[in-house]
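Database features, via TrEMBL:
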type	residues	note
SIGNAL	B:1-39	signal peptide
COMPBIAS	B:54-68	compositional bias 'Basic and acidic residues'
TRANSMEM	B:95-112	transmembrane segment
TRANSMEM	B:124-140	transmembrane segment
TRANSMEM	B:146-167	transmembrane segment
TRANSMEM	B:179-201	transmembrane segment
TRANSMEM	B:213-235	transmembrane segment
TRANSMEM	B:247-267	transmembrane segment
TRANSMEM	B:282-305	transmembrane segment
TRANSMEM	B:317-334	transmembrane segment
TRANSMEM	B:378-395	transmembrane segment
TRANSMEM	B:401-427	transmembrane segment
TRANSMEM	B:439-459	transmembrane segment
TRANSMEM	B:471-496	transmembrane segment
DOMAIN	B:589-672	domain 'Sodium/hydrogen exchanger regulatory region'
COMPBIAS	B:736-756	compositional bias 'Basic and acidic residues'
COMPBIAS	B:769-778	compositional bias 'Acidic residues'
Amino acid sequence: MGASHTRTEPNEFQDLMDKTGFSVEQIKNLRKRFLQLSGNEETISRENLDSIPALANNPLKKEIINAIFDKRNQHESEVGSFQEIGFEQFLMVMSHFRPPTLKTTPEEKEALRKEKLRFLFNMHDTDNDGTITLDEYRKVVEDLLSKSGAIEPATAKGIADAAMLEVASTNVPHMAPDEFYEGITFEHFEQILKGLEMETRMHIRFLDVGTATMRCGRSTS
Amino acid sequence: MAALALRAPRSSSSSGGRSAARLAGLLACVLLLAAGASASRDEGSGESNGTGRDPGRVAEPGERDLHPRSNLTAHKKAFPVLSFNYEHVRKPFEISLWILLALLMKLGFHIIPRVSSVVPESCLLIVVGLLVGGLIKAIGEKAPVLHYELFFFYLLPPIILDAGYFLPIRPFMENLGTILVFAVVGTLWNAFFIGGMMYAVCQMAGAQLGGVDLLSCLLFGTIISAVDPVAVLAVFEEIHINELLHILVFGESLLNDAVTVVLYHLFREFSQAGTVTVGDALLGVVCFFVVSLGGIMVGAIYGLLGAFTSRFTSHTRVIEPLFVFLYSYMAYLSAEVFRLSGIMSLIACGVTMRPYVEANISHKSHTTIKYFLKMWSSVTETLIFIFLGVSTVAGPHAWNWTFVILTVILCLVSRVLGVIGLTYIINKFRIVKLTKKDQFIVAYGGLRGAIAFSLGFLLTNNEMKNMFLTAIITVIFFTVFVQGMTIRPLVELLAVKRKKESKRSINEEIHTQFLDHLLTGIEEVCGHYGHHHWKDKLNRFNKSYVKKWLIAGERSTEPQLISFYNKMEMKQAMMLVESGSSAKLPSIVSSVSMQNIQPKGPTRGRAIPSISKSREAEIRKILRANLQKTRQRLRSYSRHDLLIDPFEDNLSEVRFRKQRVEMERRMSHYLTVPANRQETPPVRKVCFEPEHQVYTYDTEAESPRGRAAQTHPSPPDAIGLMNEATPRPNQSSALPDKDETELRAKAPDDQEEQLKLSRCLSDPGPNKDEEEDGSFVS
């Protein structure tokens, strides 16, 4: 990945870089992987992702695949999900997992955090009504526990109920007994996960040959 | 090691029991002075048999009438009714006296409010040590000295075990790279820089210092360069900085032991041999890996052994904590046998053992382990600092201005340079970069302590040793006093982030796990075998193989989320138990309860489901049976059995859960009436249904209401439960004797059950809404 190569393809990746914030090396690596996954096609479908062997053990496999194909994560106002996605959409989804850099200002960090939280929120809020209801939350807990052997559904329900109760009590301290807490809104979601410092936790180290500083000049993440 | 110049402090055999007795007597004086208590009179009887005492000695309020009356009858020796033999208790007596002194000092500091907030405890203890040492020297006695065996085998291990067992694993692992870089590279840099510069300056200074050769300087540099875990713990404990900085400095102080050990042995061997070859240097590098990895392996083996043993202790709960302590101590000693890094072995043992042991042992054992470790580490830390003070006064000193000042300056400079340089490199690989403030705290927190001192003590006796020792002591004093005292205001001045005190909530736990899986999945999609991938693999290996072997019973297959949840429930139950006896319940922060979040949906319009009479009877039977069972359990008691903890009874756990689920389901069907609520709930008594439900009822609402409740036709099980409760209030007014019944309850559920119970009782049925309210105030 010497300087000579980048000379020939700057335009191709330039707008991708601008949109997603990845560096050229990262985009190249991801492109290689994309082609590998799709069998050298231009788009990936769900079956391609399903067939990744390592994902089989992951309890959240379905959710992850759904999230990748979810239109809401494309930063456009559409809803629903794709059948197949192209490389650009793939990159958009992956861009949610970029870490902040030393140069990121606090406002940018805040925006980054909101973006990542929104990604998580979309994963939970499957019917896209803007709130995570108790049922949806229960489903989350069940999925988490799904690969851990035979769990009584009552346990998962208990945990989800307790968690929901906690969200409700932290965010809406006083509710009359006949009021009903509809579900977790995005603001409440942000509130309860405040302590986790999402902007630094939710990241992947994208394979990045050049940027481990040895390059003079541009320092990306 | 033992062949080297070890001071034998208690070899006062020459002066016999007398001098030791005087020493003991002197200490008793100090004790009296310090504690201001005259209760310690019997220590004053530490005098010899009254013959030939020093007139200059401080007069004792001694019991001279304790002398055997041997001069009463000339021929037949009277049977000594009361005799005095100090010799055979001397050693344990002295040891206990020292420990008691240390603890009384510690107590004293915390009673005096102002001092302890300005000066860290370690400083005060050293000052006390200085005073005591001065006193002892004034008497002309030989003071006990912090020599190698005492320090490394008895005083240091509890502190390290405490640190290792309760090491926060997640932040440690996340920052492991950084910590290792600081520990290994940083210490190496410090040692060579200080050693080299010292040598250069010594050569230039000529005369006195010219005799100091390079290897000695390097040895000295090694000793002085290591950050000391005891000192760091003592100071950082009080300033509560954020987790990241704490784990960085503390982790560094723990892991640099391997480097210190290797370098120390290396330079000592060389300085005796005189020459160094490249081969030797290479061997040194290999030695480093052997020492550190070997230490970790030894620790891990003992840790697994300990975990395996704890699997079978379900019938002998009382000795469970001992296994933890002994296996860890054995790990430490075994590592010392092979000259591996004992500290790393101890840490590895604690870390390996902990998750499995905690899954196996009882709650009480867990508390015991925690308290014993904290207690021991507190005592030994206190003793270390006091002994440091005493040894300072006692030891031979050779003060050399150049050398000492140079050492102090070099230590500071090399630390700062090292931290800045390393951080620059590390930040390129870190996600959460270390800011300048962080770097400052890391540099400033590099305190030296007793380890440096003990290692210095081990040096062979030559003229340089005293000079080295003096310099070491000066550095230690400087770091502990100056840096220790000023770090707190500096932290506040720089507005460094402090530790956030929040408890981990279940939402955070759910999402932490969720994130773990999510990130692992994304990594797999990207084809990138990163952190998460390997962590996930390790977890799965752990779950499928290791846990099966090391955890007893059902718990081996329990997923982490559920164990977290159970732990949380248990904690809340404990809290409820503990607060139930006092007048006020912990203020329930929010009035949100389960019904607020349950979806209303189709269940709203339903009539009360007819709960069959048989179901109700069944529930009543179960509850009654449990009441009896608990009473039966309490009847037998033996010294070796703890009261059987209902918490640990797996069977009842499962049953309890099932019952609770049932209850919940039924409760959620009930509509509730917004009762007129009082703002402050009256004094509540918590009645503990053995193992299972918790009822609260207002004291004034006791019997009459309960009886009245019986007459209501429905809701059945609520009434049924109250029926069970009514015989109890009369006997339970003295209530929660928590040892009578242990409780298992889930607080939010309790609250909602309470609310529901009370409301249900006020609400006789869905047909008549507003009939009774307010009587059972929630």
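Cβ from N, Cα, C; glycine included.
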Intrachain neighbours beyond the transmembrane segment (B:146-167), with Cβ under 8 angstroms and 6 or more residues off its ends:
1-2, 6-9, 229-230, 233, 250, 254, 324-325, 328-329, 332-333, 336, 342-343, 346-351, 353-354, 369-370, 373-374, 376-377, 379-381, 383-384, 387-388, 390-391, 450-451, 453-454, 457-458
Maximum Cβ pairs under 8 Å to the transmembrane segment (B:95-112) - stretch from the list B:124-140, B:179-201, B:213-235, B:282-305, B:378-395:
B:378-395
Ranking B:179-201, B:282-305, B:378-395, B:439-459 by Cβ pairs under 8 Å to the transmembrane segment (B:124-140), which is first?
B:378-395
Averaged over the domain 'Sodium/hydrogen exchanger regulatory region' (B:589-672), what pLDDT does the prediction give?
53
Does the chain bring the transmembrane segment (B:179-201) near the transmembrane segment (B:247-267), so that three or more CB pairs sit under 8 Å (pairs 6 or more apart in sequence)?
yes
Do the transmembrane segment (B:439-459) and the transmembrane segment (B:378-395) share at least 3 Cβ pairs closer than 8 Å, excluding pairs fewer than 6 residues apart in sequence?
yes
Same-chain residues at least 6 beyond the ends of the transmembrane segment (B:282-305) whose Cβ lies under 8 Å from its Cβ atoms:
255, 258-259, 261-263, 265-266, 327-328, 330-331, 334-335, 338-353, 550
Could you pull out which residues elsewhere in the chain have a CB under 8 Å from any CB of the transmembrane segment (B:401-427), counting only those six or more residues past its ends?
177-178, 181-182, 185-186, 189-190, 193-194, 197-198, 201-202, 205, 209, 224-225, 433-434, 438-439, 442-443, 446, 448, 467, 470-472, 474-475, 478-479
List, by number or range, the same-chain residues at least 6 past the transmembrane segment (B:378-395) whose CB is under 8 A from its CB atoms?
98-99, 101-103, 105-106, 121-122, 125-134, 136-137, 142-146, 150-151, 154-156, 158-159, 230, 233-234, 449-450, 453, 466, 469, 473, 476-477
